[in-house]
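Visitor: Questions regarding the structure given below will be posed in turn.
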């Protein structure tokens, strides 16, 4: 009861001690120690991988959105989940390349989780946290897989315990024909196991006693197996004693003495064997030492607690059995021993012939992949398989090469060495990708290599050479230009002297200009007065025109307009009268009318002609008046200009400006008057001429009529004259119709035009007023001009002084240019030589760029300490910059033998590569699954041989003490080794058939060895103890072994069946290692049960040939 209450949490204890610990000097442990001092929040953390997978194909945008949402959730709850750091796919180009599968179906998130919580709790929390809609999610990693393996073993142990108890109960019922004996046996063994396991677990908890996933399961198997065997041996002797008439106390004491002696001797050998495992160096092997504690407790409990039940219950213990027979013989063992005794050599040859092929065909190829121990249905295993499927097989468990130096590594020299090593590893067979501080994305950064940098340099050299060529050509042109410049400077010097003379003249001219400016001011005042006269003249013209448009002239124009229609009417009446008169004409009336019309027409014609002349005089007077006024202004300006003593250029500028102003004014007046008066005058002249012509015609007609009237008496009958008269009158009517209406229209246009002329004269008067105002402003501004001229005069004096200095400077310039012209050819030659030298250098650099030497890493300081390179430094160097790592992904499963050898070869290559460099004293260690497996392989293999030797020596010494012989322990151990190697070879074949595995688990050979040797020697001790109990004085050695085999065969076969059944209970556990160990032990027990009587009988018979031979002769003589 104390043991039960003192029992700690076995599940948690098993998980905490499930990790295989290796010696501190192996490189995977060295790498682990270095990694624990990495910094960057990665100390004392579990490395976990979150897997996001879409089984239907590439992730959609919606899937990606959901994954990103989950990643954000992890970042927000880092502290709650214990996440110290995380690496997501979209942080940079390197993570995008390495954490997203090529088919876009799978993404990984790498997490470093604090060890403050247990792995199982971390697994549960993260599994819940990464759940994403529409996506399969898994949490995996070496620690997660190991924890799930521990959990699977715990579940397997529970199944094994139940099955073992049921199986042992059934077998014991069949052996003893009683239900009570099995219950007592299970109780005693159970008490032994609980007590021993409580002791072991408390030693583990308080004193770090060796413990592993397999400690508990092997304690269950061994204690229930041998415990039952020992109980059978003890109960069988107790039952025999009861059948021989002993009471229960005597029978119990005798059984304790005889059977107990055998049990102690057998148990001691097992105790020695398992205790020897405590001397192992490998933690897994060492953890089996807990079985020794269990065996010791078992021996004590069986020899004490059983005595209580035997002395208390007596025969009732075997209820309902009524008969108590003695020991029964085994026909099978008796048969084997008899024939071996008859033909010992043949028997041994047959055993060797049957089992030797298994020995020679055995291949010691073992599977060190612990993930194979986990069922594919386990979520962490599923995630692991998905990573292997969609990435390289080594992606899930990459190898890490650590380089630890005593100085910082973030410098160009060490980074170059690291890059060289990275390249060497990349070209190693079996390597998929390599990432380091110089190649964080798994590929070269081209800008950080000499060939790329040389390309840039070559391009620059080419540009420089082109520039030098241009400089050379320019230098030649400069030489020519300098020669020209030398000539030009001479001319410049001469020109400067001339300019100095001109400056003096300018000073003199400006003095005169200053005087002339004053005179111009006076002239402008006169100009202002003349412009005022012009304005007055324009006003007079306007008054004259106004007088023409009013008074008598206006009355005459109105009379003309009213008289012209009357004249036209009279002419038309005259024509009408003539045409209707026929040949009789009233000449007196006609003549009177014609004279009247003629006089009126002449009056109108003369008046129109006078109006035209008046317009012409107005036009002429307006043009001459304005022209005369403007000419007067210009004359006054020129007079002021001549008084100012200006040069020709200055005069031309001033006259042009004034002429432009006056021309604008004159054109404005002319355009307003000429266009109107010219048109009206021409029209009036035309009408006047027509009217005067009509008047003359009327007068001529009147004269003709007068002549006709005078000759009327004689010519009245002349039709010809009448006809002529009609024709002339008709022509007069037509002319009147044309001329007179035109005259009326012309008179109307004349009136309108005169009004327009008067308006234009008004505008001209206004323009002249503006001109007068402008001239007044110009006159007011002339003092400022005068002041400006005075300032220019002062400046010209300074210019004259500066020209003197310029002249001196030009002399110096001339001298310098001459010297430069002399040295310019040398410059040209130097440029040509430099260009040629660069050409040779470029040829060398081009060759170097294409050579292998250019494949060299070089990082400038500006890049080394830049923000772009900092992520690589942080990810691949420790916080103190004294440790760097190179991440290696193999193209095969990292647990394969090939990957483990590659890891070891790379580690050795790294050490050799760094010899003789700045990192020759650095610590180089390979970490990761491949390196760890390689270390496990080397450690386990070496420790297996060492531990096996210790175990065999210990058991051999125990057998010597038990058998009192040197040869018998050799025969026993030889039989056990032969059974072991044969069973292992047979099991390899069975595993291939039933489990479809090409290799055995790496720890199957060791556990099979210790179980077969420790438990097999148990049966040998049973046999040899019985052999020694037979009287040697009465029976020969051959006879004694024959009888011992016949008697003990039943016990051994029953014990072998029980032990085989107990190990068979491991098969339902589903753990490949346990299944393989169980199969190997079962096969080994079968082989041992068969060969043990053959080998021991034959070897003992052959060991004592003289005694057996004498006995044979005596028997023959008796016969």
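We number each residue from 1, going along the chain as drawn.
Including glycine, each Cβ sits where the backbone N, Cα and C put it.
According to TrEMBL:
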type	residues	note
DOMAIN	35-344	domain 'Membrane transport protein MMPL'
TRANSMEM	160-176	transmembrane segment
TRANSMEM	183-204	transmembrane segment
TRANSMEM	216-235	transmembrane segment
TRANSMEM	263-282	transmembrane segment
TRANSMEM	288-309	transmembrane segment
TRANSMEM	341-360	transmembrane segment
DOMAIN	870-1092	domain 'Membrane transport protein MMPL'
TRANSMEM	944-963	transmembrane segment
TRANSMEM	970-994	transmembrane segment
TRANSMEM	1000-1021	transmembrane segment
TRANSMEM	1041-1067	transmembrane segment
TRANSMEM	1079-1104	transmembrane segment
Visitor: Can you name the far-off residues of the same chain, 6+ from the ends of the transmembrane segment (263-282), with a Cβ under 8 Å from a Cβ of it?
Guide: 22-23, 210, 222, 226, 230, 233-234, 288-289, 291-292, 295-296, 298-299, 302-303, 936, 939-940, 943, 946-947, 950-951, 953-955, 957-959, 962, 1010, 1013-1015, 1017-1018, 1021-1022, 1025
Visitor: Under 8 Å, at least three CB pairs between the transmembrane segment (160-176) and the transmembrane segment (216-235) (pairs 6 or more apart)?
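Guide: Yes, the stretches contact each other.
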Visitor: With pairs closer than 6 in sequence left out, are the transmembrane segment (341-360) and the transmembrane segment (288-309) joined by 3 or more CB pairs under 8 Å?
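Guide: Between the transmembrane segment (288-309) and the transmembrane segment (341-360), contact is absent.
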Visitor: Below 8 angstroms Cβ to Cβ, which residues of this chain, lying six or more residues outside the transmembrane segment (341-360), approach it?
Guide: 978, 981-982, 985-986, 1038, 1041-1042, 1087, 1091, 1094-1095, 1097-1099, 1101-1102
